[in-house]
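Novice: Please read through the structure below; I'll follow up with questions.
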Number of protein chains: 2
Amino acid sequence: MGMTAVDRAPKQDRSRATRQRLLEAAVACLAEHGWAGSTVSVVAERAGVSRGAAQHHFPTREDLFTAAVEYVAEERSSALRDLFPQGAADRRAVVRALVDLFTGPLFRAALHLWVAASDEEQLRARVTELEARVGRETHRIAVDLLGADESRPGVRESVQGLLDMARGLGLANLLTDDTARRDRVVAQWATLLDTALE
Amino acid sequence: MGMTAVDRAPKQDRSRATRQRLLEAAVACLAEHGWAGSTVSVVAERAGVSRGAAQHHFPTREDLFTAAVEYVAEERSSALRDLFPQGAADRRAVVRALVDLFTGPLFRAALHLWVAASDEEQLRARVTELEARVGRETHRIAVDLLGADESRPGVRESVQGLLDMARGLGLANLLTDDTARRDRVVAQWATLLDTALE
């Protein structure tokens, strides 16, 4: 969208677009530079927004970055639901897509935020709460898309374990490209999951 | 051991004891304060060693912290082997002990080091190499203790997936005490792993 189109948009839409640009820039910044290198000023510049406008949307640094991780997590969750509108057509494809949630910039950004929160009291409560909310939503999507019946013994824990494994695979991918090994692990554990869910 | 005993020890033993104190202090420091808060000076003070002596053992900050994570990982690996001198007597107990490797100060320290390495070129190569070495050793121990026959299809990937899940469970334990949930997940996946290994 060029500047002219933005200028013509109503004020509320412009404000929403600014907010969105800030959130996306914040996640990219966290993923690339970590918490120490991520300030409101750096993000505002990256988003092409004035520092004042950024602070109007997000009064504190904690506000900006927790909102950013939540926003991008929600975007990715809806994208995942849209990928499988009919639910568990192909369980392996669903497992692969779930694991993919934990690679890429969103996971890197979230990881930086978690690790920073483990050392900083101000962030800790915010990120703990955010993490619980995002975790519950991811679990819900996984249960739906996998067609898992959680009333059966062990099914809930099988899905949780899959998401824990996905998180661990994300961590294994942080410093090197772990794609080839990850594909083999995911194929094997998708088979084991099938046993647990049938 | 009191100071008198230390003073009587031969020079080489004293040097080894100093090195060990520095390594243990470095891991504790990383776990508590993260990479940004962990310098050679801070560790030297914590270990009760002069800054000069610390730099004699570890010329750079990268030397100190990668050596520290490796040393503590080796200590934990031998402790794990010693726990099960007869191998896979009780596979569930082995799975629990493997998962325990990824909670506690060593995992927190390693996590801080990984995340810092993802942003800092100087650390990256060192930590990537360290991580590969520690990962191979952990995998070897897991295979031995679980009595896993890797010549059978899927067995290698099952063990890898278990360790990935353990890493993800470690991450889930970073901000809150996740013990109760983790125990249930581990019990369920130990059952699934049994299917894969039999």
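Placed from the backbone N, Cα and C atoms, the Cβ positions cover glycine too.
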Novice: In TrEMBL, one of B:39-58, B:59-78, B:179-198 is tagged DNA-binding region. Which stretch would that be?
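Specialist: It is B:39-58 that TrEMBL annotates as DNA-binding region.
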Novice: Do any residues, 6 or more residues outside the DNA-binding region (B:39-58), come within under 8 Å Cβ-to-Cβ of it, and if so which ones?
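Specialist: 15, 18-19, 21-22, 24-26, 28-29, 33, 64, 67.
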Novice: Give the residue counts of the domain 'HTH tetR-type' (B:16-76) per reduced DSSP state, in the order helix, strand, coil.
Specialist: 49 helix, 0 strand, 12 coil
